[in-house]
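*Asks:* Feature annotation from Swiss-Prot assigns signal peptide to 1-27. Feature annotation from Swiss-Prot assigns site 'Transition state stabilizer' to R104. Residues annotated as active site, proton acceptor in Swiss-Prot, with sequence analysis given as evidence: H108. If you look up Swiss-Prot, you'll see H270 marked as heme b binding site.
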Amino acid sequence: MFKRTIPLFAAFTLAISPSIFPNYAHAQEDKPKTNQYWWPKMLDLSPLRQPNATSNPMGEKFNYAEEFNSLDLNAVIEDLKKLMTTSQDWWPADYGNYGPLFIRMSWHAAGTYRIYDGRGGANGGFQRFAPQNSWPDNANLDKARRLLWPIKQKYGRKISWADLLVLAGNVAMESMGFKTIGFAGGREDAWEAININWGPEGKWLESKRQDKDGKLEKPLAATVMGLIYVNPEGPNGVPDPLAAAEKIRETFGRMAMNDEETVALIAGGHAFGKTHGAASGKYLGPAPEAAGIEEQGFGWKNSYGSGKGKDTITSGLEGAWTVTPTHWSHNYLQNLFNFNWVKTKSPGGAIQWVPENSNASSMVPDAFDPSKRHAPVMLTTDLALKFDPVYSKIAKRFLDNPKEFDDAFARAWFKLIHRDMGPRSRYLGSLVPKEAMIWQDPVPPVDYKLVDANDIANLKGKILNSGLTTSELVKTAWASASTFRGTDMRGGANGARIRLAPQKDWPANDPQELAKVLKTLESIQNNFNNAQADGKKISLADLIVLGGNAAIEQAAKQAGYDIIVPFTPGRTDATQGMTDVKSFEVLEPKADGFRNYFDKSNNMSPPEMLVEKASLLKLSVPEMTVLVGGMRVLNANTGQNQYGVFTDKPGTLNNDFFINLLSMSTEWKKSSETEGIYEGYERKTGKLKWKATSVDLIFGANSELRAVAEAYATDDAKEKFIQDFINAWVKVMTADRFDIKAANANINS
């Protein structure tokens, strides 16, 4: 959905500028400065502290899945349908139907998703909070959400804002004659804004996010600060359809859409509704977060005419694409190819396109006055579908095969609004389609009897007697499970995709060593499964995790502690056919501080990448700290490098890493031979004792991390260290087990 225009740049920038609020600007100057302000290079640990569970007014015991499953979803849908055509005086509906507005709202809630870090998307309902609620591209969506409030108020905790924002758009399409393929609930609400890197710019609608080759910096997906996708007038406001196609392909690709899905979404989405640019953006007031308190969360107050209805200003663009703005049709593609398009300007001053044929000037009905008619419009980004050779071929095929287009749009729309939800096991409700789609990273169902406690004990014995080392078993289990991303719920140990392309060949996973470990574990798996007469099996996915657990139990025993690492079977093994290789490539770790692995292509430092990895794993500061300390003494670094292995007993689970890191008997210096490496010398003898990376030393250098490291380095912390390491380990191993809750370790010392 392309709803933004360059002529409004100045207006939107002015709208949020403190200069128009003198007292506010003065208050900003007097604000206390943060530590990050004084020491901008200090490691930012805030990603590991958000969101705060105490912010949730529903309480820790609230179970949204139970509430949603008790919801009368059909009743909600009927209420939404009624709302669509019940126009309100305070914000009149175009053509008497709010459907197109709700589609835009849903699209912009979900369309922030990006593949490189899994952030964005509809989960959490973040469109309610800053900055999304005040992005220029989300102008007037505050009205759409306010229209939904009576329905949210009626059904309360049984449906989240996050689900309602998406459901409304889905119902809108159905009510206007388009057949979707379904809807899944399960998006829980966030209760506070979170800090996400949306780009480096300091002003709205700027674009300073390209590398030297003109490509977007990772992990960003949108091309402009404050837009969902691209500038609809063309790159930097230049009306060049082919240049626009390049930007569309890049940004939609980074939002998990291929060329066919991109064409389907644009052509399908623009079958509905219109753009709004009755006048210049100078008439618009501040966005919601900068508006006066009396506006009660509304923004973009419009002083032009009535400020609503026919006088609405949103993007600065003006007009509808089709002759049926509130009914599903294929008229968008028909108009796109049947007319020659000439450049013009909207009343708001935005560049757009109209048919060269003057006979088309009365094709489109007016949104409010039945006596008026208009020409259809296209945006520069629409014409990209006509002139880009790849897009054009797809669009013409859709034009000639309407049923194929309908199916493609239905599937692309479903993907758009569900892409950030993770596997189908998280889907709720009666409208979930039965088909498993490859972008959902499917895994087979458990159609066999699971192993019991005796089997687990026997299997652990076989693993430990197989010749595999503690290091190899721990590294393999970690490599399998730590692909999980709590942002879009992708990755994790379930599926055992570590044995498949592309994961089996990732440098971070030590491919040759990994192949050896997997071969041994597969032999144990086959021998066990073939020996069972009652249909009992163990998956390789389970066996990989069990191997890591067994190795940790053995390592703890060497430290004097008998432990049982909690293990719950139930993972299954995906096939290569269930795995979209390209889709999984974005999960490859370019840095993993837990394994002391770092690819120099990163644009962040190793400690920053460690925090990023821990954040994706949903770890806290103590969990990140204890895991690094444990992984080091277990000798679990990639490539068997010895950086940070501060122990003379590698393979024994103890707190040596912290004890030796904090010891004043060591003096640290930068290596003169290897960039990024530090050398620890004995102060008394000058003898080289340790080597480390910045990831290792940050736990002694950063004051907050040092405080946690000290907690694990005390004489009475040995058992606590092991307990906490096991609990954090199990959290990672079970991160993708949405069917269970992680259990805590039980130590018998």
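Cβ atoms here come from the backbone N, Cα and C positions, even for glycine.
How about a rundown of where these features are and what they're close to?
*Replies:* Of all the Cβ atoms in the protein chains shown, 26 others lie within 10 Å of the Cβ of R104 (site 'Transition state stabilizer').
The DSSP secondary structure for H108 (active site, proton acceptor) is helix.
Its Cβ placed at the centre, H270 (heme b binding site) has 27 other Cβ atoms within 10 Å.
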*Asks:* DSSP three-state call for H270 (heme b binding site): helix, strand or coil?
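*Replies:* Going by the DSSP assignment, H270 (heme b binding site) belongs to neither helix nor strand, so it counts as coil.
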*Asks:* Hey, what's the Cβ neighbour count for H108 (active site, proton acceptor) at 10 Å?
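*Replies:* I get 24 for this one.
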